[in-house]
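Colleague: When I checked TrEMBL for this same protein, it listed these features:
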type	residues	note
TRANSMEM	26-50	transmembrane segment
DOMAIN	41-301	domain 'G-protein coupled receptors family 1 profile'
TRANSMEM	62-90	transmembrane segment
TRANSMEM	102-129	transmembrane segment
TRANSMEM	150-170	transmembrane segment
TRANSMEM	198-226	transmembrane segment
TRANSMEM	246-271	transmembrane segment
Amino acid sequence: MNSSKSPGLAGFGVLKNTTCHTEKKISVFFSIIFMTVGILSNSLAIVILMKAYQRFRQKSKASFLLLASGLVVTDLFGHLINGAIAVFVYASDKDWIRFNQSNILCSVFGICMVFFGLCPLFLGSVMAVERCIGVTKPIFHSTKMTSRHVKMMLTMVCLFAVLIALLPILRFRAYQIQASRTWCFYKTEHVEDWEDRFYLLLFSCLGFLALAISFLCNAVTGITLLRVKFKTQQRQGRSHHFEMIIQLLAIMCVSCICWSPFLVTMATIGISKGGSKETCETILFSLRMATWNQILDPWVYILLRKAVLKNLYKITSGCCGVHVINLHMWELSSIKNSLKVAAISESPGSSKQINLQPLSSMGQ
């Protein structure tokens, strides 16, 4: 049976001879916990974003809020759809032959896994690019990065992710039931055909590319903020610099730690010629690690903000007895202050403004 080219029976061969044995109670527990925590976290983030967008709708922060809203909405629907299908599979005792005769459910599951896996990575890289432009080129950002352009970018990212997810269906290649019988994805067992390898490598390469873009743009943003800070010697922007650098480090660490195992595993399976040595347990572990990225996204991008950092500073300073930052310096919002400092540093009369600012502050 050529399961990769027979849509109606695709993936059923793995049900007869599977070497993956997972504890049902533990697997159901993981699925329910991931779905519940993800839905609650992203719902809370959406509420916060809606309120923030109403406040900054006409300001430069609106573009960042739109991208962040697209990210958390994508994560929310990913947990809802993928989690609901996974729970249904467990409730049906993973009897795919009974409820998936035409392979429709597996195809939908596979498409959702690919789309909701790549789309947050793409949106994360777009957010990193937007922040980099906003800090390094504030005038260009304020004139060109309008809400209409951001919505177009969101639409293009989603359409590209949909195209990648539909590519196997368009090529008459059905998604496969994995060895654990709990989810569907590209063919990961006995991969011999070049097209099956291509899909795995394409998914991994696009994921690594998105992470690389995010890393480079965040690094440029952080370096620019530090250079502006030391160049202008403005104490007013010190709290903002600490806030942005902490956010950038958290974004890079969480994305790389959560997604690298799954992307490396898929790339290893696609590259291996003599048969992959990756076990079902390894694939499931890497998949759960990737799921945690969608759970942590709202906490990193939205909830790790000024108020949280102030409380953390109060706790640490109270325990250690060290006062490094004056809490009264938390005056301007993150995006607004970064644009102000960067614009001052780029303007022709920046040196005069910088030299005059200490005098004005002393007069106050």
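Indices start at 1 and increase along the chain as displayed.
Heads up, the Cβ atoms here are built off N, Cα and C, so glycines get one too.
Predicted automatically and left uncurated, TrEMBL annotations should be read as such.
Are these features on the surface or tucked inside, and what touches them?
Modeller: Tertiary neighbourhood of the transmembrane segment (26-50): same-chain residues 65, 68-69, 72-73, 75-76, 78-80, 82-84, 86-87, 90, 180, 182, 288, 291-292, 294-299, 301-303, selected by CB-CB distance under 8 Å and a gap of 6+ residues from either end.
Averaged across the domain 'G-protein coupled receptors family 1 profile' (41-301), the predicted model reaches a pLDDT of 84.
Panel annotation: around the transmembrane segment (62-90), residues 24, 27-28, 31-32, 34-35, 38-39, 42-43, 45-46, 49-50, 52-53, 56, 96, 105, 108-109, 112-113, 116, 119-120, 123-124, 126-127, 130-131, 134, 141, 145-147, 149-151, 153-154, 157-158, 181-183, 294-295, 297-298, 301-302, 335 of the same chain, lying at least six beyond its termini, place a Cβ under 8 Å from a Cβ of the stretch.
Tertiary neighbourhood of the transmembrane segment (150-170): same-chain residues 62-63, 66-67, 70, 74, 107, 110-112, 114-115, 118-119, 122-123, 126, 130, 186, 199, 202-203, 206, selected by CB-CB distance under 8 Å and a gap of 6+ residues from either end.
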Colleague: Are there residues at least six beyond either end of the transmembrane segment (198-226) with Cβ under 8 Å to its Cβ atoms? List them, or say none.
Modeller: 114, 117-118, 121-122, 124-125, 127-129, 131-132, 135-136, 164, 167-168, 173, 186-188, 191, 240-241, 244-245, 248-249, 251-252, 255-256, 259-260, 262-264, 266-267, 269-271, 338, 342
